[in-house]
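The block underneath contains the structure these notes are about, expressed in structure tokens.
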């Protein structure tokens with residue numbers, strides 16, 4: 001993968017968009033199933049243990065099958081690891097353009113875009129949440145009892161005001177986040193995303209042009225570990241970008257043995273959610289999530305068949321709407337998803353109610369995310385215009401935006417690990 005001097009966008013492997021998209025889908029599954037619809041009745045990390053205690057299994061084969069099912073269920077409904085995958089991808093995408101060109105103005109360009117690129121979609125989604133609250137269409141408080149999900153009553157139990165909406169969207173979401181008074185409960189990641197992005201910018205600005213930069217990189221890594229471990233995945237993403245540009249590293253990744261290593265890493269990652277729940281203290285979950293996310297990203301880079309899967313049409317679609325899906329699905333769950341459950345929980349059998357509610361909530365979330373792409377694209381363009389205005393750069397025309405056929409490009413300053 002070679003940088004093109006005339007292309008201002010950062011090089012990025014296209015299949016990582018697919019990885020980002022499916023990670024957003026898993027976050028959606030996490031909130032729909034274990035946190036909401038299956039909070040009190042569905043599989044959980046200790047289901048196998050409870051099955052054994054009740055004597056529900058006839059033998060080891062059934063136990064093994066149930067345990068394997070729980071492992072897959074936990075992995076594909078675990079929201080922590082996908083979030084750290086987002087963070088690693090952010091570190092990679094924000095670094096890769098500079099790593100290939102070593103042009104200092106790229107850092108300024110990305111830094112100027114960052115706040116606007118994040119804030120415009122966030123503020124728009126929060127405005128939708130505000131309107132739903134004012135209209136009385138947030139039913140999550142009322143559905144908490146019938147659904148058995150105490151988690152659902154944690155949100156929107158306070159009066160929404162225009163002042164609080166503006167303050168939250170423009171300031172609190174990054175600098176004074178409160179889970180209790182959040183307009184969208186997934187936005188706890190934005191504070192980490194914002195500071196992690198500028199950690200990458202500062203690290204590259206200070207040490208990126210040094211010939212022997214790995215020693216200062218290591219020092220930064222140790223300092224960040226001591227101060228805030230949730231920022232580690234951004235540095236991991238930077239390190240991946242630095243290493244992946246090397247020809248010897250890419251040759252090593254192309255060796256047959258790499259496929260074996262990638263398979264082992266992916267299988268190990270499957271077991272992390274269950275093992276972490278039982279054996280890892282909560283204070284260490286961020287470190288475990290970071291390492292697991294790195295293992296997944298690196299495995300994808302090493303395993304060509306998985307790259308093909310993550311480059312298919314469905315993967316491209318979920319990659320395109322990933323940030324919109326991340327922002328919008330909590331609103332769908334707390335409005336339509338909760339209303340539907342309340343309207344039919346006395347009329348439908350529980351399995352049918354759960355299945356139909358899940359299908360409709362997921363489908364509506366995807367549809368709304370697709371519509372919200374208009375806002376997300378607006379945020380990308382506005383951020384680019386602002387940066388160009390400050391730096392006195394001419395806006396790129398269609399010819400300059402055209403990508404070379406053999407190059408995968410994306411606007412580095414516009415990526416947040418969730419979106420281009």
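From the backbone N, Cα and C atoms, a Cβ is placed for every residue, glycine too.
According to TrEMBL, the domain 'Acyltransferase 3' annotation covers 14-369.
Residues 43-44, 76-79, 81-83, 85-86, 89, 147, 149, 151-152, 186, 296-297, 300, 310, 315-323, 325-326, 329-330, 333, 337, 341, 354, 357-358, 361-362, 365, 417-419 of the same chain lie 6+ residues outside the transmembrane segment (19-37) yet bring a C-beta within less than 8 angstroms of a C-beta in it. The annotation transmembrane segment is assigned in TrEMBL to 19-37 (among others).
Under the heading transmembrane segment, TrEMBL lists 81-99 (among others).
Distant neighbours of the transmembrane segment (120-139): 155-156, 160, 162, 165, 168-170, 173, 183-184, 187, 190, 323-324, 327-328, 331, 334-335, 338-339, 342, 372, 375-376, 378-379, 382-383, 419; these residues of the same chain sit at least 6 beyond its ends, with a Cβ under 8 Å from one of its Cβ atoms. Residues or ranges marked as transmembrane segment by TrEMBL: 120-139 (among others).
Per TrEMBL, transmembrane segment is recorded for 155-175 (among others).
Positions annotated as transmembrane segment by TrEMBL: 182-208 (among others).
TrEMBL lists 214-240 (among others) with the feature transmembrane segment. Beyond the ends of the transmembrane segment (214-240), by six or more residues, the same chain brings 84, 87-95, 192, 195-197, 199-200, 203-204, 206-207, 286-287, 289-290, 293-294, 297-298, 301 to within a C-beta distance below 8 angstroms of the stretch.
Per TrEMBL, the feature transmembrane segment maps to 260-279 (among others).
Long-range contacts of the transmembrane segment (285-304) within the same chain: residues 13, 15-16, 19, 80-81, 83-85, 87-89, 92, 229-230, 232-233, 236-237, 240, 244, 253, 258-259, 261-263, 265-266, 268-269, 272, 276, 310, each at least 6 residues beyond the stretch ends and with a Cβ under 8 Å from a Cβ of the stretch. Annotation source TrEMBL lists transmembrane segment at 285-304 (among others).
Residues or ranges marked as transmembrane segment by TrEMBL: 325-345 (among others). Tertiary proximity for the transmembrane segment (325-345) is limited to same-chain residues at least six positions away from its ends with a CB under 8 Å from its CB atoms, namely 24-25, 27-28, 31-32, 36-37, 121-122, 125, 128-129, 132, 137-140, 142-143, 146-147, 152, 155-156, 184-186, 318, 353, 356-357, 360-361, 364-366, 368-369, 372, 418.
Annotation source TrEMBL lists transmembrane segment at 351-375 (among others).
Marked as region 'Disordered' by TrEMBL: 401-420.
Mean model confidence of the domain 'Acyltransferase 3' (14-369) amounts to 90 (pLDDT, 0 to 100 scale).
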